Amino acid sequence: MLKRIVLASGNAGKLREFSQLFNSWDIEVLPQSEFGVSDTEETGLSFIENALIKARHASRISGLPALADDSGLAVDVLGGAPGIYSARYSGEGATDARNNNKLLEALQGIEEVRRGASFHCALAFVRSFDDPVPLVCSAQWRGHILTEPAGEQGFGYDPLFFVDAEGMTSAQMPRELKNRISHRAQGVVAFETMWQETMLGTDLAG
Ligand SMILES: O=c1nc[nH]c2c1ncn2[C@H]1C[C@H](O)[C@@H](COP(=O)(O)OP(=O)(O)OP(=O)(O)O)O1
Ligand SMILES: [Mg+2]
């Protein structure tokens, strides 16, 4: 039996990472665009709520189980901003470049030791749009925000996110490294544990 789930995201950077993160899984993870699912409003007040909203929306339209990622960057000295508003940080027509510029402006004059930040990733999986027992989990990744961008890999805030343990930004990491240690990578590990505890033996997971 073909096991297919919809990946409820329109972000090309995330989709690239998920295709590697789910590479070894015995399921087909297909982007929502293949089912004509477009973005929905992210009205939640937390990463987890927004992940659930996106997963339910994609499942409703595709008729398939769906997995969503809601993620973002929380900067300590900004009280956790931009947080769940990371993608919309620079307002109407926001792009990664504008968001990064706005972040640099917000942190102007702030010394390195006070530039700590975390990437957050919430994952939500629903078997159907009205699934009363979704699988949800989340993970964080610690770093600090540089004063200028470095690196070409990845997406979003990666060029500004310096990971001290690796001595480089997440945009300077080879794809394999980021996909071993990132908030999203850790989230998928947590998700896999829940998946094995609840889904194995069901139709979906075989
Ligand atoms: O590994 C990452 N490296 C760099 N930046 C990242 C990462 N992970 C999330 N981010 C940033 C991008 C975006 O500014 C926001 C996610 O917003 P978020 O609403 O979850 O995603 P999105 O709107 O781009 O696509 P979608 O909602 O269709 O999944 O956090
Ligand atoms: Mg979004």
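Note that Cβ sites are derived from N, Cα and C of the backbone, with glycine treated the same way.
TrEMBL annotations: computationally assigned, not manually curated.
Per TrEMBL, substrate is bound by Ser9, Gly10, Asn11, Ala12, Gly13, Lys14, Phe155, Gly156, Tyr157, Asp158, Lys178, His183, Arg184; the candidate from Ser62, Ser71 named for the same site is Ser71. According to DSSP, Glu41 (Mg(2+) binding site) sits in a coil region rather than a helix or strand. By the rule that a residue counts when its Cβ sits under 6 Å from some atom of ligand 1, the recorded positions Asn11, Gly13, Glu41, Asp70, Asp158 yield Asn11, Asp70, Asp158. Just so you know, the Cβ of Gly156 (substrate binding site) picks up 21 other Cβ atoms within 10 Å once every protein chain is counted. Look at Ser9 (substrate binding site): DSSP puts it in coil.
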